[in-house]
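Lifted from TrEMBL, the feature list:
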type: ACT_SITE; residues: His58; note: active site
type: ACT_SITE; residues: Glu109; note: active site
type: ACT_SITE; residues: His113; note: active site
type: SIGNAL; residues: 1-27; note: signal peptide
Amino acid sequence: MANNTRSLFFLLITLTLVSLPPYHEFAFDFFKLVQQWPPTFCKLHRCPRPIIKTFTIHGLWPDNYTTFLDSCTGNSFHMFKNTAFVQNLTVRWPNLDYYSNNRRFWSHEWEKHGTCSENLYPQEAYFNLTMQLYDRLNLLEVFAKSNISPGASGNQLLSRLNNSLVAYTGKIPDFKCRPGPSTTTLIIEVVTCYNSSGTAIDCPVSQLSNSCKTQSLTGISSFETHYPTQGLQMSR
Ligand SMILES: *[C@@H]1O[C@H](CO)[C@@H](O)[C@H](O)[C@H]1NC(C)=O
Ligand SMILES: *[C@@H]1O[C@H](CO)[C@@H](O)[C@H](O)[C@H]1NC(C)=O
Ligand SMILES: *[C@@H]1O[C@H](CO)[C@@H](O)[C@H](O)[C@H]1NC(C)=O
Ligand SMILES: *[C@@H]1O[C@H](CO)[C@@H](O)[C@H](O)[C@H]1NC(C)=O
Ligand SMILES: *[C@@H]1O[C@H](CO)[C@@H](O)[C@H](O)[C@H]1NC(C)=O
């Protein structure tokens, strides 16, 4: 009898442990790959010179369709031992902020975002996946196919960029803008979305940024340099 009670007790403990709900921080549905445009970032922040003239990685953000994920519980960042890997990251995922550095930038991105997909992608795998997705989508090349280059501006720029990217990926992207001088708006980031295995998907409509469509704007601002008095631009 005592034995039976003990078995029941252990059975209950085991069932309790096994049936604990999964950590909410691991409940990510999809990834957002956020690429930033340094000429715009560096208009708004102090950057080391020379300013990089290609889209670079801001981050890969695991998210959930209904619940915003960030700063999940997970392992803290450790610096990579493989110098070739660090070199690869340095080219694709450089810190742009004069007051920070690569290590701090990567550590921040890992702790704020990477930990939310750590169940599937431990640190090295997460950074590796991010670089692979980035390498698959060279935004400047894609835009060039539609004759859009840095310096482009005008009311139609947002839809031109969008059409160009949709034609290439077949999926709905997202764009983020920041106010520039006068009544201009500058493209700062382009977001593409992926399922948890890294296949491109539409970015969820409910989570699209409306930052490129501010009221004062009749269009998108430039990819950079000279500012039209209104409209969107892609800084040069
Ligand atoms: C997204 O978050 C909700 C609420 O936390 C959770 O119920 C759901 O399971 C999550 N989605 C997935 C696919 O885990
Ligand atoms: C670095 O990137 C190159 C391709 O650019 C790749 O062949 C190589 O395997 C990468 N090295 C590491 C350690 O990830
Ligand atoms: C990253 O991926 C490349 C191939 O894409 C592979 O050669 C390399 O070993 C990986 N590096 C790490 C640290 O996982
Ligand atoms: C981009 O094009 C897709 C497909 O036509 C559309 O659903 C989406 O709303 C467009 N986005 C923007 C920002 O124009
Ligand atoms: C991601 O999409 C691909 C292509 O549709 C599919 O084969 C794969 O199973 C998907 N992964 C997940 C986790 O849903």
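From the backbone N, Cα and C atoms, a Cβ is placed for every residue, glycine too.
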Neighbouring C-beta atoms (10 Å sphere around the C-beta of Glu109 (active site)): 22
Separation of alpha carbons, His58 (active site) and Glu109 (active site) (Å): 8
Distance [Cα-Cα, Å, rounded] between His113 (active site) and His58 (active site): 11
List of residues, in chain order, with Cβ under 8 A from that of His58 (active site) and at least 6 apart: Val34, Gln35, Gln36, Glu109, Glu189
